[in-house]
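What follows is one structure encoded as structure tokens, with my remarks underneath.
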Amino acid sequence: MAVSDGGGAGPGLPDNRPIIEVENLTVTFGAIRAVRGVSFTVRSGECVAIVGESGSGKSVTARTLFGLPGSGATVDATTLRINGRDALTLREKQWRAVRARLGYVLQDALVSLDPLRRVGAEIAEPLRLHGVLARDRVPARVIELLRAVGVPEPQARAAQFPHELSGGLRQRALIASAIACDPDLLVADEPTTALDVSVQAQILRLLAERRREGTALLLISHDLAVVATLADRVLVMKDGVFVEDGPVAQVLEAPSHPYTRALLAAIPGAQSKGKWLSLPTGSAQADPVPAPSTPGPGEVVIEARGLVKRYGTRIAVNDVSFQLRAGQTLGLVGESGSGKTTIGRLVLGLLTPDHGEALVDGVAWSRMSGRRRREVRRHIQVVHQDPLSSFDPRFDVRQILDEALLVGGVPRAQRRARAVELLEQVGLDETMLHRRPARLSGGQRQRLAIARALAPGPRVLVCDEPVSSLDVSVQAQVLDLLVRLQRETGLAYLFISHHLGVIYHMSDEVVVLNDGRVVESGEVGQVFTAPRAEYTRELLAAIPTIRVPAGAGIGGSHAEFPQEATS
Amino acid sequence: MTQPTSLLRHQVARSALLRQRPGQVIAAVVLSMIVLAAIVPGLFTDGLPYEADPLATLQPPSLTHPFGTDANGRDVFTRVVYGARHSLLAGLGAVALAVTVGTLLGLIAGLGGRIADEIIMRLVDVTMSLPNLLLAMLVLTLAGPGALNSIYAIAIYIAPGYARLVRVQTMVIRRSEYVQAATALGLRRARVVLAHIVPNAFVPLLVLATIEVGTALVAAASLSFLGLGARPPAPEWGAMLAAGRDYFSVAWWTAVFPGLAITFTVLAITVVGGALQRRLEGLDGPEGGN
């Protein structure tokens, strides 16, 4: 089929024919049944989303459509038709012809693109391989594709290597290569998970455009908000089965399955503020968080005064000031490269500012002696994004906590009992003591990291993207844990995140950062509902939001992103 | 010959290792026999290594002398058994010394600031630019031949490579998140270095060193063969090989059996060391992902 522009079916003419027909699909790996009898259909011009958490079987389902379920997999189905062809009996050679009509966009563009190949060559490959185009016309088509996915200066970009592009551009290049042969179906597996919100909005818009042109979309995601902006139909997957299946509005506004309700309640944001994120079993409504025992903010524990940090000629942090009071949460929000992590490290006294001061209890780090610094470190602890790499790989849970308790001055004889107490405080138990962190789940690791941070008896926790690598429901549990600990102990949090919903849910006050500068700061509700700075407005507008029955999402009640009607 | 069989059974009973990796099990059994011979040679032979029978020189292998006898009428099997201690000690000694010196130099270079780093690393560069055996021979010419001096000589050329490895490891680990986390926790610098940096920098070296015991053992045997290490009549495999060389055309067994002993020991050490390495890396595996 010759491809010059638009699509084979003709742009704007969705003919509604089924691209994917799956009935009773089962995929097993030995004794493990990853997918257990799912059925769905995807028609051209339609976007179907499969939503689920890690291990739910959503990615295996998607890969099976490409004949790539994984090694050792057994695929079984009543019907598995792709583009009208029975895919159950296909041999490898025939699969290639089927795949030529499908496009696959993966989460991490950096690992999906060949690091040693220029972007242009990567996109040209499917065109050459499937012989859809005369050889001499390929380079022009590559540039055309890059332009179509909104890559600026496509000529220059085509000559670059993947590592030279930003995350957003890489993801676009990957989409360009996926749509190169004008596929009938585009499968996008977590296409925006690794991206900043504004880039995410652009990618979602791009995918919506493809759908309007008649391409069928199968979207795989754990993020219901992303799904809400794009999908016509939502399939909620759990333990290899669809627990819920319906039009997007119905699933999000009137979910019938408790799991869907729990997933919806677990989304942090304006609607969740002041409530627990994890639903009590059997309930459809989240409980409110009890008010703190000591009302009103306490004394200032952390202060930043005109912090400046340069790396070479680049200014990572530029004149940043804020105050954090006892029992309060201050959110630092910004996209990658905005300087939030650097600020965290300055506040922790791990970096020395070029100008300005970071003060703990009114004393600047620069004025403290080495002994005093160690003393102060006890009171200001940190929880990292990637807990595993923050633990010594040789240490087990007991050793990790033991060391933290040593810092806290707990006598050796009491440490074991105290370690068990700490584990229980974060929802773990004694049986974990002799495990290594590598053998714990992501949520358990983050709980352990919190337990370690609590061990020396701190008054401040710096939480640097503490939930960014977790599933929605695990994220909900960890955030609930942090809220509960704050209510119980009056801890102050400096909460660093790129996720505006998480920041809104957790913070009392917020500092919005862009390129190392404070764009806006103030009480969180005010900043998020009535932003004064243009940048904040753009950031908020870029968030995909869900219209929830209880009321408004973040920044108003829009259930779409700008300039793009969703349904 | 009942001993290896029963050892094998024991291994099989404990795990299915034999079926999965028969080479590793055999190597482990061979190595434990050699170690046992080094510790209690009397278990394997009633004879003594210096006991000569002038009436039975250069006897071919037989029931009374399974490996034959040498030019002085000494039982080659007995000498090979007793030689295990010499050879293993030389290999282990050289590597242990090299690990100690290399680790210290690497740590000083990695943690001690730029000047210390420059001095140590340039010294390492110079040492590593000389051919290994040439360097060892140079040392032995200056210090005089002997078993102990050959251990020093071998350690001197192994240590610089270890210093490099430890230095790089130290620099990587110093910037790792868990060292930063330990610092942020409020631990003393000394504890961060001793409890986190040193052990983690040391683990990869330990694995490398296990395999290198075999190489050092060959080096020690080579030096003895050249007359620079352990001297005859010591039952050292390299020295026995050198002595057997003169009779090779009439009594092949005087050279072949010490040679085989070296080969099997090195092979066993390499296989066991490799298995150890894979196991340690397997343990480290899940850290990379999530």
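Yeah, the Cβs are placed from backbone N, Cα and C, and that goes for glycine too.
Residues or ranges marked as domain 'ABC transmembrane type-1' by TrEMBL: B:84-273.
According to TrEMBL, the feature transmembrane segment maps to B:25-44 (among others).
Marked as transmembrane segment by TrEMBL: B:88-111 (among others).
Residues or ranges marked as transmembrane segment by TrEMBL: B:123-143 (among others).
Sequence annotations record features per position, and here TrEMBL assigns transmembrane segment to B:149-166 (among others).
Here TrEMBL flags B:197-230 (among others) as transmembrane segment. Non-local neighbours of the transmembrane segment (B:197-230) in the same chain are 86-88, 90-92, 94-95, 98-99, 102-103, 106-107, 110-111, 132-133, 136-137, 140-141, 145-147, 150-151, 153-154, 158, 162, 165-166, 169-170, 173-174, 179, 236-239, 241-242, 262, 265-267, 269-270, 272-274, 276-277, 280; each lies 6+ residues outside the stretch with a CB under 8 Å from one of its CB atoms.
Within the chain, the transmembrane segment (B:250-276) has long-range Cβ neighbours (under 8 A, six or more residues past its boundaries) at 21, 23-24, 27-28, 30-31, 34, 58, 60-61, 67-68, 70-71, 76-77, 79-80, 83-84, 87-88, 91, 207, 210-211, 213-215, 217-218, 221, 237-238, 240-241, 243-244. The feature transmembrane segment is assigned by TrEMBL to B:250-276 (among others).
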Using a Cβ-Cβ cut-off of under 8 Å, list the residues of the same chain that are 6+ residues beyond the ends of the transmembrane segment (B:123-143) and lie near it. 105, 149-150, 152-154, 156-157, 159-161, 163-164, 219, 222-223, 226, 228-229
Six or more residues out from either end of the transmembrane segment (B:149-166), which same-chain residues have a Cβ under 8 Å from its Cβ atoms? 90, 93-95, 97-99, 101-103, 105-107, 109-110, 120-121, 123-124, 127-128, 130, 132, 135-137, 139-140, 143, 201-202, 204-205, 208-209, 212, 216, 219-220, 223-224, 228-230
